[in-house]
Amino acid sequence: MKFTEGMWLLREGIRIDWMSNVERLNVDKDTVNLLLNKFQRHRGDTLNSSTVSARVTSPLEGIIGVKLVHWAGGLDNGPHYELNTSAGHTEITHEKGKNLKYTSGRLELDINIAPNELAFTFTTGADGQDKRKKLTGHSFRSIGYVGDSTTPKSQLSDGIFYERQGYTLAELDLSVGEKLYGLGERFGPFVKNGQSVNIWNEDGGTSSELAYKNIPFYISSNGYGVFVNHPGKVSLELQSERTTRVNVSVEGEELEYFVIEGKNPKEILKRWTDLTGKPALVPAWSYGLWLTTSFTTNYSERTVTGFLDGFKDRNLPLSVFHFDCFWMKSYQWCDFEFDADMFPDAAGYLARLKERGLKLSIWINPYVGQASPLFEIGKREGYFIKRIDGSVWQWDLWQAGMAVVDFTNPAACSWYTGHLKRLMDLGIDTFKTDFAERIPFKNITYHDGSDPARMHNYYALLYNKVVYETMTSISGKSNSLLFARSTSVGGQKYPVHWGGDCESTYEAMAESLRGGLSLGLAGYIFWASDIGGFEGTPPPALYKRWVQFGLLSSHSRLHGSSSFRVPWIYGEDCSDVLRDCVKRKISLTPYLLAEALNGHRSGTPLMRPMFMEFPEDLNTYPLDTQYMFGSNLLVAPVFSDEGIVTFYVPRTPEEEGRKQWISWFDHGKKYEGGRWYTETHGFDTLPILIRPGSVTPINYKLEKPEGNPLDGLEILVNGSIDKEVEIEIVDPETTHKVLKVMTVSERETENGVEVIARLDGVDGNENSVKVNWVGHGVTK
């Protein structure tokens, strides 16, 4: 939100009380409390003006929080994000009348407490080093309380004065050339500088500035991240009001933010997920291909069976089949009952699908239409969000007369999850948790008294948590996942998430990728898009290009709106492309499971921006049409019918030993780091480059992701190995568990150097793993 007109003027009706002085402070163990006020000329300036209390804490090492409070008399009805904390890792030094230093790990906050010289400076540096690097901070006029007399609130008489709408404002410094990223799944420009962003979940598709998944956390190229700990609406002006600052404002009396330090983007993400929760793992079968009924298409048992037979006849591997909205009768979403006209024997039919070896997914949302038999029950028992007068909140957008389930009511949660458990008893393996963005936030009440405005974003988290925990209670953590559209802070604990409603265009394919890369910067390690696009019918060329991209995402789903996405309706050559892409992804399962386990521990996503993997190469920071798929594979999707694609190959430390990137499809084709390349590809290839010095476990014998990874296991080694490498082979049945640790190294032989791979527990059997050594030496 913008409050100024240039450097000198304020917008009409705006007043800002800027904090310029530390009136007093108190140090209590790991906490510093300061009372801030305006510029003080004499004692009279303490009257008729605002103060802001600042509380400095450190929830975890390397993270420092500042909480700003104007009025402290408000009700705290929640909700609050769940954050992990520890103690005993801070150091505080205080030079009276001059400064205060608050240290947490390498991160230090230096507060200038000299009269009328208030400044906060966050710096980083190694222990014992005098020279420290500034990350961000508050300089002149950057902490304030804003009053707006133009809002409806200001027209209401409150006591003897008219009340202004208040906002708490914090402006954080930026350095020259600094770039900003993240803030959830955002589909606009990948680099966020110059943008105005509202953290407010909306159902806006992928071609707008709105977002389904708003996360008030951004990462800076300067070596830090900022998390605004506020579940309600957060407004950020990222160099779009003050060109040297990020302006953060929230409606109301308090604002809390945390600065998270890291040597590189991966360390920042690790600390971020230490604070907000580690991403959960998903079952191996979920990495396979998903097929859906699409949205508004007419389908029945016969339609679905025909699709599945078509996949079998064409030797197209399929892991999951999904029933979208119209598995239920129209106007009755959700009643959790199969439409008997279309599925007269739902239980029997689901059993027959399971006999095909398929996992089954089904669509749900957190709403109950008035025509649903469940509406009267929910109304009678108080399971829905209510208006202030006690009536059920309803509207006609989406489902006629629909109500919204109140997940702050434990009884409502039990009622809702009881229907999910019944569906799981029928054979449903997972749920697509759609919607939860259009949540009312005015003139309503929740069962637990939560603040409606703070619940608007948080609601999606509750919804997904309730469904996910229902699944884990029955199937266990290693066999549970969602397919969710909306989320909030901490939602990485309830995977997977997909990009929402995109158009069937190359532009939408590119914006989907931007959204997925941005979301990954919040520790969401799994992500998918609607292959082929959701809105409209994709031309065959686009379908094939999106298949290539979609099968190089962590999760891969064929889904549309009014048209089906089975490949043969776009041409039999589309089936060939799909088959090749699915089989390639299945062969990569050992690699993907190992990368996912690392992401579970560290918060590093499977699909990651180039700068995350190569922060020393400044050319990687603006790149948003290519990505790293795990640590080893560079992917550059093709965004044109003609197949022309331009991509950048980053410099890597490994290249100092004259190692080179190589093509996945042609191991004789080599690429130098630090260069741009333009190529033309048909539909059987795209740029997939293998990192120099990397060891990638693969298995071409696998027919499904959950197959035995050891039978047929091999490794692809690019170039020489400077030191012994350990590769974890993850159990596909329990993706938290490591089956074997493979040790890969070089050794001298009579015939020269060779690469060997040993599996722990396999005595003397060096040949149990096939080695495909490219770029150097011999193949064994």
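A Cβ is built for glycine as well, from the same backbone N, Cα and C atoms used for every other residue.
Swiss-Prot lists Asn48, Asn84, Asn247, Asn298, Asn443, Asn718 with the feature N-linked glycosylation site. According to Swiss-Prot, the feature active site maps to Asp434, Glu437. Annotation source Swiss-Prot lists active site, proton donor at Asp501.
Shown here: features listed in Swiss-Prot, placed on the structure.
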| residue | record | Cβ contacts under 8 Å, 6 or more apart |
| --- | --- | --- |
| Asn48 | N-linked glycosylation site | none |
| Asn84 | N-linked glycosylation site | Pro59, Leu60, Asp274, Leu275, Thr276, Gly277 |
| Asn247 | N-linked glycosylation site | Lys2, Leu169, Ala170, Glu171, Ser235, Leu236, Glu237, Glu241 |
| Asn298 | N-linked glycosylation site | none |
| Asp434 | active site | Cys325, Trp363, Ile364, Asn365, Ala484, Arg485 |
| Glu437 | active site | Asn201, Glu202, Asp203, Tyr212, Ala460, Arg485, Ser486 |
| Asn443 | N-linked glycosylation site | Arg387, Ile388, Pro452 |
| Asp501 | active site, proton donor | Gly205, Thr206, Asp530, Phe534, Glu535, Ser561 |
| Asn718 | N-linked glycosylation site | Lys659, Trp661, Ile662, Ile690, Arg691, Pro692, Gly693, Ser694, Val774, Gly775 |
Would you identify the secondary structure of Asn247 (N-linked glycosylation site) according to DSSP, in three states?
strand
Hey, does DSSP put Asn298 (N-linked glycosylation site) in a helix, a strand, or just coil?
coil
Taking DSSP three-state, what's Asn718 (N-linked glycosylation site) in: helix, strand or coil?
strand
